[in-house]
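**Student:** Okay, handing you the structure first.
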Amino acid sequence: ERERERERVRVSQRSFNCNIPPGVNPEAYQWFHTVDTDRSGFINLKELKQALVNSNWSAFNDETCLMMINMFDKSRSGRMDLFSFSALWEFMQRWRALFQQYDRDRSGCISGTELQQALAQMGYNLSPQFSQTLVQRYTLQGGRPGIQLDRFIQVCTQLQTMTQVFREKDTSMTGNIRLNYEDFLSGAVTRLM
């Protein structure tokens with residue numbers, strides 16, 4: 001009887017795996033179909049919030065979820081298909097691993113010191129004061145000091161985007177650029193919005 005049950009599970013698993021398109025993460029496939037509650041074949045902002053949680057099981061904030069949809073929504077429809085969600089899933093796993101590496105006290109939050117160390121590993125030569133300012137800005141009102149995974153991803157992604165804009169203008173690699181205000185806004189808006 002046990003062997004028959006094991007075989008049924010193996011057949012069911014093979015059937016499940018056969019339905020997964022090539023290049024799609026199996027875990028992402030399962031989560032996509034769990035949170036696609038309207039069965040549209042797409043995940044919108046509300047459904048994405050159901051899929052992504054911080055270490056304390058709180059939902060990701062709207063701002064971070066919207067940023068992720070904008071990053072992975074190739075059709076600019078405000079929603080993601082299975083392939084986009086799978087790419088987001090891989091993106092999330094890398095950020096989660098980095099977050100956990102620097103959340104040394106396992107509090108579910110990154111302190112200013114921990115953020116400074118993470119940013120230094122990513123190649124950012126920023127002051128401890130700047131890291132502390134980021135933590136103060138992104139700490140939840142009334143919550144414990146530090147930033148959760150969702151805000152960590154948001155901060156790091158925005159830093160990467162702004163750095164890319166800066167590097168495009170810093171052609172001589174001096175660490176200094178000169179640009180007018182509208183050029184700055186244009187670079188930021190096209191990447192952050």
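The backbone N, Cα and C atoms fix where each Cβ goes, and this holds for glycine too.
Relevant sequence annotations retrieved from TrEMBL are reproduced here:
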- 23-58: domain 'EF-hand' (DOMAIN)
- 90-125: domain 'EF-hand' (DOMAIN)
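Looking at the shown structure, what environment does each listed feature sit in?
**Tutor:** If one looks beyond the domain 'EF-hand' (23-58) by at least 6 residues along the same chain, the residues whose Cβ comes under 8 Å of a Cβ in the stretch are 16-17, 65-66, 68-69, 77-83, 85-86, 88-90, 92, 103, 108, 148-150.
Here the domain 'EF-hand' (90-125) has Cβ contacts under 8 Å with residues 25, 28, 52, 54-56, 68, 71-72, 131-132, 134-135, 139, 143-149, 152-153, 155-156, 159, 163 of the same chain, all six or more residues outside its ends.
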**Student:** Counting by DSSP secondary structure, give me helix, strand and coil numbers for the domain 'EF-hand' (23-58).
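**Tutor:** Output for the domain 'EF-hand' (23-58) reads 17 helix, 2 strand, 17 coil.
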**Student:** I'd like the per-state residue tally for the domain 'EF-hand' (90-125) from DSSP, helix first, then strand, then coil.
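**Tutor:** Per DSSP, the residues of the domain 'EF-hand' (90-125) fall into 23 helix, 1 strand, 12 coil.
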